[in-house]
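Peer 1: Before I ask anything, let me first share the structure, which is written out below as C-alpha cells.
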Amino acid sequence: MSATERQLQYLRQLVDGARRIAVLTGAGMSTESGIPDFRSADGLWSRDMSLTDAVSVDYFRRDPAAFWRAFRDIFHIKLVGDYQPNDGHRFLAALEASGKEVTILTQNIDGLHGRAGSRRVLELHGTLLTASCPDCRSPHPLDYVQRHELPACRRCGAALKPDVVLYGEAVPLIDVAFQAALNAELLLVMGSSLEVSPVNLIPVEAARAGIPCALINYTPTRFDALFDLCIQAGIGDTCRQLRA
C-alpha cells in the first residue's frame, strides 16, 4: 500500500512548515533494513519462555549464560554490523542536514540512525553496539561481545550486560524524550505500533499540547485518532516519494 498524493502533499506541508521536528521511530523503521521485528507474530522469538522473561533484567541476574544465549538468538547479535541504513533513515538525516532541528526518539537498538548521519538521536531502549559491566561500569564494544559466548568484563571478570533497556528496567531517557516532543513543531511517528509503554504516551501528550502529529506505519494503531495524518504504507517508499 502506498500513500496517496493528497496524503503526501499534506505531509510535505507539515514537514516544510516545521523547523523543530521530533521523530519517534519503532521496529518498522528497521525492518526495511532486513532486521526482523522480534515482537511480531512471525518475529524472532517462538520459544517456550515468554519474550518478556527471556530479555528481562531478572533473567540476566539469575542466569547470565542462559540470558546471553537467548539474547543472541532474539537480536541476531552476530549480524548486527551487517545491516545498513535504509531510505527512511537517510531521509531523516537529510532533513537534519537541510537545516531543520530534527530530534529522533528511537525505540530501536541497532544504531542505524547514527550510521545514516543523524546527530540528535535519543536511543530510548539503549543500543546493541556496546555492553557494560554492571559492577565496574567498564564499557565493551560489539566486536568483543560477538567473540564470546558469555562476555565477561576485561577489567573485573563479571558477566557483561548489554546496553539495552531490559524488561523490568526503567527507560532512563523518557523524560527527555517527552520534553523533546513537547518542544517540537511537528511530531512524526514512523514504524511504531505504539504498543510499548511509556513511549506510546509521547504522541498522546503531544496531541494534547496541540502539536501536529503524523504517523507512517504499515498497520493501524490504537492511537490513530490522535493524529492529524495517518499513512498506512512503507516508510522507505513514502520517504522516496517525499523527496521526489
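Positions of Cβ are set from backbone N, Cα and C atoms, glycine also.
These figures come from a predicted structure and were not determined experimentally.
Quick paste from Swiss-Prot:
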DOMAIN    1-244  domain 'Deacetylase sirtuin-type'
BINDING   F38, I109, D110  nicotinamide binding site
ACT_SITE  H125  active site, proton acceptor
BINDING   C133, C136, C153, C156  Zn(2+) binding site
Peer 1: If H, G and I count as helix, E and B as strand, and all else as coil, what does DSSP give for C136 (Zn(2+) binding site)?
Peer 2: coil
Peer 1: Mean pLDDT over the domain 'Deacetylase sirtuin-type' (1-244): what is the value?
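Peer 2: Its mean pLDDT is 92.
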Peer 1: Minimum Cβ neighbour count within 10 Å among the binding-site residues I109, C133, C153, C156: which residue?
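Peer 2: Minimum Cβ neighbour count within 10 Å, taken over the binding-site residues I109, C133, C153, C156, occurs at C156.
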Peer 1: Could you check which of these recorded positions, H125, C136, C156, sit within 10 Å of I109 (nicotinamide binding site), going Cα to Cα?
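Peer 2: Near I109 (nicotinamide binding site), where near means Cα within 10 Å, the recorded positions are H125.
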Peer 1: Distance check, please: Cα of H125 (active site, proton acceptor) against Cα of C156 (Zn(2+) binding site), rounded to an integer number of angstrom.
Peer 2: 26
Peer 1: To which of the recorded positions D110, H125, C136 does the lowest count of other Cβ atoms within 10 Å belong?
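Peer 2: If we count Cβ atoms within 10 Å for the recorded positions D110, H125, C136, the smallest count is at C136.
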Peer 1: If the Zn(2+) site is taken as the center of the Cβ atoms of C133, C136, C153, C156, which further residues of that chain fall within 8 Å of it by their Cβ?
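Peer 2: Filtered neighbour residues, in order: P134, D135, R137, S138, R154, R155, G157, A158, L160.
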Peer 1: Rounded to a whole number, how many Å is the Cα of D110 (nicotinamide binding site) away from the Cα of C133 (Zn(2+) binding site)?
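Peer 2: That comes out at 20 Å between the alpha carbons.
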